[in-house]
Amino acid sequence: MGFIESFLGSNARRFIKRKDSDAGEAGRALEELRSSLHNELRTSEGAKRQQQRMCGPVVAMTFNFCVSVGIILTNKSVMGKVGFNFPIFLTLIHYTVAWVLMAIFKALSLLPVSPPSKTTPFSSIFALGIVMSFATGLANTSLQYNSVGFYQMAKIAVTPTIVLSEFILLRKMITYEEVLSLALVSIGVAVATVTDLEFNLFGAFIASVWIIPSAINKILWSSLQQQGNWTALALMWKTTPITIFFLLPLMPWLDPPGVLSFKWDLNNTSAILVSALLGFLLQWSGALALGATSATSHVVLGQFKTCVILLGGYVFFKSDPGFMSICGALVALCGMSVYTSLNLHKSADVSGKPPAKQTLVAKANGEEKINVEEKRLIAAV
C-alpha cells in the first residue's frame, strides 16, 4: 500500500478518501431512507399515506378496470369450458385464496398495520364482512339465474340506492348536475345492455335482495378508508375471515347440487386458481378505488366497463349489438365524462389553495393555518 500511495501521490490519496467519504454518506442516507420508510409502514397513518401517494384515483380505477376485464374472460372460461357452475363455492374459493395470500404477506411483514381497535368498533368490521359475503355471493347467484338484461337492470338500480343510502346514513348530498349526469349514465346503460328481460321469479328475488347489500358494501368500504387510517389490504385482512364464515351457510341454499362430483383435474384446478388470483386482485383494486374515490364513482366505473366491453366487441371483434345499443353506450360514456369532470372540479376545490382574500384575512389575524369550517365562512363572505 505504501508503494501504491507514493506512486499515486497526495492528490490521488485525497481524491480516494473523498470518494470513500461520499460513498459512506450516500450509504448512510440510503439506510436512513430505508429506516424511515420501514417505520412509516409500521404505523396505520404511514401506511395510508403511502397508499395515497402510490395509488391515486386514476391509478386505482385503471387497476380495477384492467383486472375486471381479465376476470370476466377467466370466469367465462371457468363457467363455460370448465363447467364449474357453483357461484357461491367459487366465491368462497376466491376469498380463501385471498386470505392465504394475505397471511403470507403478514408472515413476511408486508401487510400494512391496522389502526388501533379503539378507532374503529369491531361491529363496523363485522358488519362489513357480513354485507360483503351477501353482496358478492348474491351477485354471482343473480348472474346465474337471471338473463343479462335483468342483471344489468339490477346493477343500474344500485346507483340511486347508494345516493339515497349515503343521504340517510351520512347526510351526504350531491349536486343537481351530478344527478343529471348519473341519470344520463343509467339511461344510456339501460339502452345499451337491456336487450333481454327474461323474468325468473327466483332470480328476480335474488336480484332485489342483492341491491341493498351491494350499495351498503361500497359505502362502508369507502367511508372506513376515507374517515379512518385503514388501507385496502389491512381492511381486507380483517373482513375476509368473516366473509368466508358467512359464505359457508349460503352454499347449500344457493348452489346447485353436484359440487362433490366435480372433476378436479390439473386443467380445471389451474383455471379455478387463476380465477381466484384475479379475484384477489379484483377485491384489492376495488378496495383501492373505493378508498380513493367514492361508492358512486365505483358504480359508474363498473358501468363504464360494461360500455367499453360492448363497444370493444363491436370495434375489434365485429360483433353487432345493434344501433340502439351503440347509441346507448355512447350516451352513457358522455354521462360518465360529465360526472367525472364534476368530481374532479369538486376535488380541486377542496384540495386547492385558499383565495387571495382568505390569505390576507389569515395574515391579518396572524394565523398560519385555517381549518375547513373557517375556509367556508370566509369564502361565503
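Along the chain as shown, the residues are counted starting at 1.
The backbone N, Cα and C atoms fix where each Cβ goes, and this holds for glycine too.
Same-chain neighbours of the transmembrane segment (54-74): 271, 274-275, 278-279, 281-282, 285-286, 288-289, 291-293, 297-298, 301-302, 304-305, 308-309, 347, counting only residues six or more beyond its ends whose CB sits under 8 Å from a CB of the stretch. The transmembrane segment feature in TrEMBL is assigned to 54-74 (among others).
Taken from TrEMBL, the feature domain 'Sugar phosphate transporter' applies to 62-339.
As annotated by TrEMBL, transmembrane segment applies to 86-108 (among others).
Look at TrEMBL and you will find 120-138 (among others) tagged as transmembrane segment.
If one looks beyond the transmembrane segment (150-170) by at least 6 residues along the same chain, the residues whose Cβ comes under 8 Å of a Cβ in the stretch are 142-143, 179, 182, 185-186, 189-190, 193-194, 196-200, 203-204, 207-208, 210-212, 214-216, 218-219, 223, 295-296, 299-300, 302-303, 306. The transmembrane segment feature in TrEMBL is assigned to 150-170 (among others).
Look at TrEMBL and you will find 201-220 (among others) tagged as transmembrane segment. Here the transmembrane segment (201-220) has Cβ contacts under 8 Å with residues 124, 127-128, 131-132, 134-135, 138-139, 141-142, 145-146, 150-151, 153-154, 157-158, 161-162, 165-166, 169-170, 254, 290, 295, 298-299 of the same chain, all six or more residues outside its ends.
Summarising the annotation, TrEMBL assigns transmembrane segment to 232-251 (among others).
With a cut-off of 8 Å between Cβ atoms, the residues of this chain six or more beyond the transmembrane segment (271-292) that come close are 51-52, 55-57, 60-61, 63-64, 67-68, 70-71, 74-75, 77-78, 81-82, 84, 90-91, 93-98, 101, 218, 221-222, 225-226, 230-233, 235-236, 298, 301. For 271-292 (among others), the entry in TrEMBL reads transmembrane segment.
The transmembrane segment feature in TrEMBL is assigned to 299-317 (among others).
Summarising the annotation, TrEMBL assigns transmembrane segment to 323-342 (among others). Long-range contacts of the transmembrane segment (323-342) within the same chain: residues 175, 177-178, 180-185, 187-193, 195, 297, 300, 303-304, 307, 310-311, 314, each at least 6 residues beyond the stretch ends and with a Cβ under 8 Å from a Cβ of the stretch.
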Query raised in the report: Same-chain Cβ contacts of the transmembrane segment (232-251) under 8 Å, 6 or more residues past its ends?
Result: 44, 47, 51, 86, 88-89, 91-92, 95-96, 98-99, 102, 105-106, 111-115, 125-126, 128-130, 132-134, 136-137, 221, 224-225, 259, 283-284, 287-288, 291
Query raised in the report: To what whole number does the mean pLDDT across the domain 'Sugar phosphate transporter' (62-339) round?
Result: 84
